[in-house]
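According to TrEMBL:
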| type | residues | note |
| --- | --- | --- |
| BINDING | A:CYS20, A:CYS24, A:CYS27 | [4Fe-4S] cluster binding site |
| COMPBIAS | A:372-381 | compositional bias 'Basic and acidic residues' |
| DOMAIN | A:6-218 | domain 'Radical SAM core' |
| REGION | A:351-381 | region 'Disordered' |
Amino acid sequence: MDKTNTHIPMWLLAELTFACPVQCPYCSNPLELSASRKNELSTEEWIRVMRDARKLGAVQLGFSGGEPLVRTDLEELVVEAKSLGFYINLITSSIGLTAEKIAVLKKAGLGHIQISFQGSNRESNKLLGGTDSFDHKMAMTKEVIKQELALGLNFVLHRQNLHQVEEFLTMAQSLGAEFVELANCQYYGWGLHNREHLLPSQAQLIEAERVTNEFRDKYKGHMDVFFVAPDYYDDRPKKCSNGWGTTFMTVNPEGEVLPCQAAKVIPGLEFPNVRDHTLTDIWNKSDLFNRFRGTDWMTEPCKSCPEKEIDLGGCRCQAFMLTGDATNADPVCSLSPHHDKVLKITEKAQRPYQEDETQKLMFRNPGNAKKLKAEKSELAE
Amino acid sequence: MSEFNLETASFKLNPRYQFQWEEAQQCHVLLYPEGLIKLSGSAAEILQRCQAPTTTATLVNELNKAFPGAEGLTDDVNEFLADAQQQVWIVQVSD
């Protein structure tokens with residue numbers, strides 16, 4: 001199967017570190033937490049990755065993690081990325097950010113900062129993110145606006161904070177944010193582990209969308225609001241990252257290259273490392289990137305489906321996680337013979353939201369990672 | 001917020017956008033948070049000249065020199081600038 005790949009990886013997501021001061025229970029990172037950071041790519045290795053990605057035609061670069069501000073070489077990486085011609089996005093919890101650092105990063109060439117909030121007020125932000133960081137996030141949001149960098153606010157939604165959408169939008173508006181993303185969390189990694197206590201009811205979603213639409217009408221032209229619904233409630237799936245191996249490339253902290261952030265959940269895939277191969281070879285020739293590119297890999301009902309080019313069979317990770325086979329149709333699709341599995345999950349989510357459900361969340365931290373690992377090995381014995 | 005008089009005001013490329021040639025796509029692009037706009041050849045010729053403050057009259061003058069005899073150039077420039085103003089690709093420069 002030697003096809004010439006004509007796709008350009010427009011987006012490079014550079015996950016600089018798994019280390020993170022926030023403990024979000026919806027994090028898409030793997031459940032295992034690296035014990036140390038010594039295996040992280042070095043500054044020189046990241047520069048090589050960025051240079052190769054530019055050669056392939058990548059234009060958007062996201063520095064993410066974990067928390068990218070943990071890296072002491074961030075400024076150097078931004079300078080290098082800028083000189084290569086990337087548009088640079090920093091995806092951060094804002095913990096570790098200061099007014100000085102914003103100025104330094106702006107001067108280095110940073111274009112856009114996206115700050116995530118876990119809750120719309122001090123208490124819930126602390127409760128749902130496991131850090132007392134609300135006041136700092138507010139201060140940094142104001143500072144980014146003051147220094148005239150493009151700012152995006154990101155509010156990760158789930159059943160335990162969907163009722164806060166109005167409070168959050170009011171806050172974003174009063175701060176002067178131009179761009180707000182209300183993204184329902186996805187169920188990978190820690191998010192999958194906590195899915196039962198994160199998946200909202202349909203009633204919660206309808207109300208949140210109603211409030212969002214009201215806001216959109218009221219502040220049209222001043223604040224753009226994006227609402228990303230959880231696809232468990234759709235009857236057609238979403239393309240995987242705009243199509244597996246078509247647009248996105250993620251390089252994780254230890255140099256493995258992934259077609260999407262979650263792909264490591266699929267067993268039997270080998271993840272080529274930038275320490276062993278060039279990015280060009282990985283993108284064009286690796287088994288991994290060719291595995292689900294296009295439509296040749298499909299099984300029924302996707303294979304003969306007239307809509308197959310529209311959603312490319314949906315998310316491969318979701319297909320594996322819910323049906324046990326990554327070549328199946330994403331079971332979010334109502335045409336999938338496994339669609340009942342999604343219905344069963346959403347059925348259970350129709351119970352009303354209760355405040356004390358927060359206690360059942362497993363927060364992402366080394367202690368919990370250890371606990372989960374121990375449970376897993378007990379099961380294996 | 002983006003309202004200004006295109007006939008009289010000085011304007012320039014919105015610094016929030018990154019304007020550059022993309023070898024892989026063989027065209028000029030405008031980059032912004034998490035997105036990209038591919039530009040036509042004529043759009044690129046205009047925006048290229050907006051990297052420093054300019055006016056509509058200056059632009060028309062420069063383009064007439066660069067492309068002598070191009071028909072309907074003034075109309076095309078006016079049309080593009082009106083659109084660019086709407087998209088906030090260009091912003092007013094206060095004197």
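Every residue gets a Cβ built from N, Cα and C, even glycine.
Curation plays no part in TrEMBL annotations; they are all automatic predictions.
On the 0 to 100 pLDDT scale, the model's mean across the domain 'Radical SAM core' (A:6-218) is 92.
Summary of the [4Fe-4S] cluster site environment: with the site residues A:CYS20, A:CYS24, A:CYS27 set aside, the chain residues having Cβ atoms within 8 Å of the Cβ mean position are A:VAL22, A:GLN23, A:TYR26, A:ASN29, A:GLY66, A:TRP190, A:ARG364. Every protein chain considered, the tally of other Cβ atoms within 10 Å of the Cβ of A:CYS24 ([4Fe-4S] cluster binding site) stands at 23.
Cβ neighbours within 10 Å of A:CYS20 ([4Fe-4S] cluster binding site), excluding its own Cβ and spanning all shown chains: 21.
Long-range Cβ contacts of A:CYS27 ([4Fe-4S] cluster binding site) within its own chain (separation 6+, distance under 8 Å): A:CYS20, A:GLY189, A:TRP190, A:GLY191, A:ARG364.
With DSSP states grouped into helix (H, G, I), strand (E, B) and coil, the region 'Disordered' (A:351-381) comes out at 21 helix, 0 strand, 10 coil.
In the three-state DSSP scheme, A:CYS20 ([4Fe-4S] cluster binding site) falls into the coil class.
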